[in-house]
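Notes follow the structure.
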Amino acid sequence: MTAESSRAAPLWRSLLYVPANADRFVAKAGERGADVVILDVEDSIPPDRKEEARAALPGSIATVAKAGTVEVMVRINRPWRLAIADLEAAVIPGLDALCLPKVDSADHIRAIDEVVGELEAERGLPVGHVRYAVLVETAKGVHEARAIAKASPRVAAITLGGEDMAADLGLPEPDPAVLDPYDALVRLAAREAGVIPLGYPGSIAEFSDLDAFRRGAEQGRRNGSEGGMGIHPAQIPVLNAAFTPSEEEIANAEGLLAAFKDALAQGKGAVAYKGKMIDKPIVDRAERIMAVAARLKR
């Protein structure tokens, strides 16, 4: 059994981007409360500092991993010559996942797979250990989202990258009302493939107006997403709150599942709870809520 097939789906409510070469931010990144720290060598790094950021990865990965309460992810570059150099630097002990930007085909995922598998084997990591969070950021990527989400067992999550998607579509800004149909297609691809849908309406750059950011994150959860990315520590508590089941939701799910279990034990084919009939989709939703609650208690 490979590592990726034997592990539970990750709990990725909040993912914080940090430039890989920003020592001051890296030092505190593991203490910000995020489920994942994404050490970035892509968009936040100017072209003339890519090598510097790449060289900083081993130390930055070790620093964040030391916190022990956060997963470590690296966002690599898309162009192949940069991507290969990024992978050589990133796939080392301490890394949990890769963030793959601007993915527009399943073949791209499979090519990354081959390189990552070789590096894992060479460096003492279980083959299949490193998972992927995939960014779909182009019209072609949205068109291929179903194939992308199913391209590898390493794909753990997929999301629409609103800023780049808006640019690819020629939009003046990432308007949620315009991008929502594309976001919905990516979420559907995620659910069909059994991977985590991430994301929320609005811009990841919106950290000065946390009320607006909160509304977007809460809408993201209503849309079916399970987490989102942020570029500022102030966004992390908002994401955690938005994508964590409330005490009321947990209590309701617990009671519903108990009623359903009792009904099955009595041989009943149908059962009502709080005036509503319980069927499989409702049970599945309650089980997902309880699974998240159980993981948060660990």
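Heads up, residue numbers simply count up from 1 along the chain you see.
Using the three backbone atoms N, Cα and C, a Cβ is placed for every residue, glycine included.
For Arg75, Glu137, the entry in TrEMBL reads substrate binding site. Arg75 (substrate binding site) carries a strand DSSP state (E or B). Neighbour density for Arg75 (substrate binding site): within 10 A of its CB lie 26 other CB atoms from the protein chains shown.
Just so you know, the Cβ of Glu137 (substrate binding site) picks up 23 other Cβ atoms within 10 Å once every protein chain is counted. Residues annotated as Mg(2+) binding site in TrEMBL: Glu137, Asp164.
Among the features that TrEMBL reports, domain 'HpcH/HpaI aldolase/citrate lyase' is placed at 13-233. When averaged over the domain 'HpcH/HpaI aldolase/citrate lyase' (13-233), pLDDT in the model lands at 96.
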Practice item. Going by DSSP, give the three-state secondary structure for Glu137 (substrate binding site). Key: coil
Check your understanding: Can you tell me how far the Cα of Arg75 (substrate binding site) sits from the Cα of Asp164 (Mg(2+) binding site), in Å?
Key -> 15
Practice item. Round to a whole number and give the Cα-to-Cα distance in Å for the pair Asp164 (Mg(2+) binding site) and Glu137 (substrate binding site). Key: 5
